[in-house]
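Record features (TrEMBL):
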BINDING   GLY617, PRO618, ASN619, MET620, ALA621, GLY622, LYS623, SER624  ATP binding site
DOMAIN    691-707  domain 'DNA mismatch repair proteins mutS family'
Amino acid sequence: MDENNKKIAEITPMMQQYYAMKEEAADAVLFFRLGDFYEMFEEDAKIVSKELELTLTARSKMPMCGVPYHAAENYINKLINKGYKVAICEQIGDPKAKGLTKRDIIKIITPGTVMNESALPGVQNNYIALIYEAGEELILTGADISTGECFYGIYKGADRCQILCDELYRLMMAELIIVGALSYKEQLAEFLDLHIAKCVITEIADASADVDNRIVEHFAAADRPTGKADKEAIATLLDYLHNTVKTDLTHLNHLTYIDASENLVIDTYTLRNLEITHNLHDGGKKGTLFSVLDFTNTAMGSRKLAKWLEYPLLDRYKIGQRLDAVEELTVDFSRRDAIKEQLKDVYDFERLLTRVEVGSANARDMLALKKSLYALPIVKNALENVKTGFLQAIDKNIATYDELADLLERAIDDNPGLLLRDGGIIKDGFDKELDEYRTLASDSQSLLQKMEEEQKQLTGIKSLKVGYNKVFGYFIEVRKTNIDQVPETYIRKQTLVNTERYITQELKEFETKILGAQEKILQIEYRLFSEVREEVKKYIPSVQKTAQNIAALDVIASFAEAAQQYNYVRPSLNGDGKILIRDGRHPLIERILTRDLFVPNDTELDNQQNEILIITGPNMAGKSTYMRQTALLTLMAQAGSFLPAREAFISPVDRIFTRIGASDDLASGQSTFMVEMNEVAHILKYATKNSLIILDEIGRGTSTFDGMSIARAVIEHIRDKVKAKTLFATHYHELTDLADDKHVKNYCIAVKEKGSKVLFLRRIIAGSADKSYGIHVAKLAGLPKNVTDRAEKILIDLENSDLAGKNGKFVSKTETAQENPVIEPAMPTLFGSTLSEEIQKLDVLTMTPLEAMNTLYKLQQQAKKEAGRL
Ligand code: ADP
Ligand code: MG
C-alpha cells in the first residue's frame, strides 16, 4: 500500500487521474483522451500495439500507444471483435479552464454490449447473458441490446446445468456474466470451451442492490418476474448494462420468459449434429438447415427464422396456424411476391430504433426508417383479405405511421451528410429560422445588393454603396458630397478622404447574422434533428411490435418460397404418435448433390410395431443421411415449415436426441468413448415416449463384443422402459435378431452387386443387410489391388472361423445371411409401388403443356429409379 502511494505521489496529477480511471474499468482497455488522441498506457498499450499493430512508444519508461480520436471507432471495433472490452475516457470539463482537465469514463464497450453496426455479427443477434444460482435454481437471463430483446429462464432439477448449457448454445452469446460463486463452474467452463468460440466472461461478486427499481424502470407490470431470485438476476444484468453502456436503455422494455415446456427441446449435441443454424465446419451458416430455408428479406425475419428453427413448437394448434399461413402464401404466389418486394424496403427496425434510443442514430438512419415506414401500408395492402388467422393477426398487428413518416420526409434531407456535426441534414422549408440563415449564408451577396438598392431608393443617393472590410465589418459608404442626404438612423463609423462610412441597425443585425450564420445553421440543424429523434422515440414500443410481426410475416413468406422452389409438401399433424413420411428427402443433401439425384425414402415410425427401427447396411450406404432426414423433417414440421417429401404425417415430438458413435464423430473434437456413453446415459434418462431418438452406430468406440453388448442393452432398455420412437443404425448385424412383431423392425439400405462392384441404391427396404462391403468401399477409394485381394482372403478365413458363433452369444453372420438374402427379389417399399397410381391420379385435361412436360419428366425419373432397383 505504502509503495503504491509513494508511486502515485511521484507521478503527475494527470497520471494520478489516469490510474483512478483505470481502477474504475480494470478489466477493460482504457482509451484515455488527450487532446486529439486516445492514449493507452502500460499493459493496455502493449495489448493494443500488439493486437492492432501500432507502434509502441515510451514516456519516461512507461509504454504508450495512441490513436487519433476521429479514427478510433475502427480500432475499437477490432478490439471488441478480438474479445476485449474498451473503456472510453473523455475530457468533460472546459479544456481552457485552469488546472487539470476533468475526465470521466463515458462508456465501456464490450462484445456483448456493442451497438455499432460495424462491430455487430451481421444481422444475427448479439447476446449478453447472465447466470445466477439461487439454492436449487439456476437462472439465466440475457439481452440483445442492439435489438431490444430481453429474456429469462429458470432451471431446476438434476440436469439444470445441462439444459442451461443447451440454451447457451442457442444464444451463442458474445459475453457471459457469472454472479457470485457457482457450483457448476467447471462444467460450464468446459462447455464454453468446447462449444462457444468467442465469449468474454465477466464475474460479478454480488447481485444488484436496487432490484425493484431496476425492474420497474424497464418492464410493464405484466412482464415483471415474481420470484425473488429471477428479479435479482435480471436487475443485476440491467445494472451491468447501465454501468457499461451508460445511456438510456428504455428500449429494453419487454421481458419474455423462456418456457421450455412450450417447445421441442433440442440439446446442444443434436443442434450441432443436425446443423440447424450453425455448421460443424466453422460454426457459420453455410450448409445449415437455416441456409436452405432462408429466403427472408429483412434482418428481423432472418433472426426470427433462426429462432423458429431453434425453438420448434409442440402445440399442434400453433403449428397448424403457421402451416395454414405458409400454405396460403405458397398457393397465392402473386401475394407472396408483393409481400417480398415490400419487405425488401424494410430496414432493420429493431436496430434502427436502438440507435435512436441511445442517441447514435444519424440522418441516414432516419431516411432508412422513413423508407421502412412508407413500406408498411403497402405491406398491409398486400395482406388485404388474407384468409388464414395467422396472417390476419399479423396484418392487425402491423401498424402504420403516416405522420411520423411525413415528419421525416419533411425534415430530413434526401442526401444528408454522414456526420451530424457537419450539417446538411435538415431539408429546406422545414424550419423558417433555418431557411433564413441558409439564405443568409448562401445569398449574402445578393442580399447586400438588395439592401444597397433599398438604401439608394430610400435616401436618393445614387453613389451609395454597401461594403465590407475585415476590421470594420459591414458599412454603407457615402460620398462626402451627399452627406446632407444621409438619414438620421445612419451611425458614422469611419471617415476617409472622399467618403464617410456608416452603419445602420439593420446592417448591424445583418452582420451578426451573417457571421454567425454558419455556426447557427449547425446549431439549429442539430436541435431540429434532436427534436425529430425525440419524436421518433415516442413510437419505439409500437414500432418494435410492428417489427416483430414483420419478422413473422417474412419467415412465413420464406417458408412458402422454399416450399415452392424445392417442391415441399404440407405435413399433416396428428396426435397419435405416428411419423409417416413418404418419399422424404434430406433438405441439405438434396441441395448439395449435383451429379446424382437424391433418392427419396419412406419412414414409418409409431409407438407400436414400428417403435424401434434397426438399420443395417454397408458403409456409405446412406444410413446416417436417412436417420437425420427423419429428425430434420420432424423438426421442420414443428417449426411450421413444409417438408421435402411426397406426403407426411407428423405427430409432434417433445425432444429430439441424436448421438453418433464416437469414432464417427470427428468434428466435435471429443471422440472419446466416455463422452459417447455420457450422452447415451443422458438420453436414456431424459427421453420419453414422445421423444425421437437417433442413435448412429453407438458402441463403436470400444471393442466389438463390448460395443455390441452395450448397443443391444441400450435397445432393450428403450424397448422396455423408455418406449421412444428410435432409429438405430448399426454395423452389428447380430443386433438384427432383436426384431420382433411388437416393437422392433429391421431395415437395411439396398445395394446391388454387379460382379465385383457394388451399387448403392440409397433405398431403404425392410429386412437386414448381411455384409459391410468395407472391402468394396476400399476398392472404390483406390486402395492397391493386392491389398484388397489379400483383405478378401482374410475375410473369408475369418468368416469360416465363425468367431461370433463360437462366442455363443450372438447369431453368426452366415446364419443371418441365409435368413436374409442381401436383396430380396420383391423389395417392398413402405407404401408399395406408386408409378401406376401416380399416372392414374393425373388430371391430364387441366394441365398446361409445361406442367405436362414436368410431370412426364418426374414420372420418367421415378420409372428409371424403380427399374434400377430390380
Ligand atoms: P452411412 O451412414 O450409411 O455410412 P451416409 O448416410 O453417410 O452413409 O451417406 C453417404 C453418402 O451417400 C452421403 O454423403 C450422400 O452423399 C450419399 N447419400 C446418402 N443417402 C442418399 C440418398 N438417399 N440419395 C442420394 N445420395 C445419398
Ligand atoms: Mg453413417
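Each Cβ is built from the backbone N, Cα and C atoms, and glycine gets one as well.
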Least Cβ-crowded entry, counting other Cβ within 10 Å, from the binding-site residues listed as ASN619, SER624: ASN619
Other CB atoms, at most 10 A from the CB of MET620 (ATP binding site): 18
Of GLY617, PRO618, MET620, binding-site residues neighbouring ligand 2, Cβ under 6 A: none
Environment of GLY617, PRO618, ASN619, MET620, ALA621, GLY622, LYS623, SER624, the listed ATP site - residues of the same chain whose CB lies within 8 A of the CB centroid: ALA729, ILE749, PHE760
DSSP helix/strand/coil residue counts for the domain 'DNA mismatch repair proteins mutS family' (691-707): 4 helix, 5 strand, 8 coil
List of residues, in chain order, with Cβ under 8 A from that of LYS623 (ATP binding site) and at least 6 apart: ILE615, THR616, GLY617, ASP696, ALA729, ILE749
Sparsest Cβ surroundings (other CB atoms within 10 Å) among the binding-site residues GLY617, PRO618, GLY622: PRO618
Collapsed DSSP category at LYS623 (ATP binding site): helix
Other CB atoms within 10 A, centred on ALA621 (ATP binding site): 26
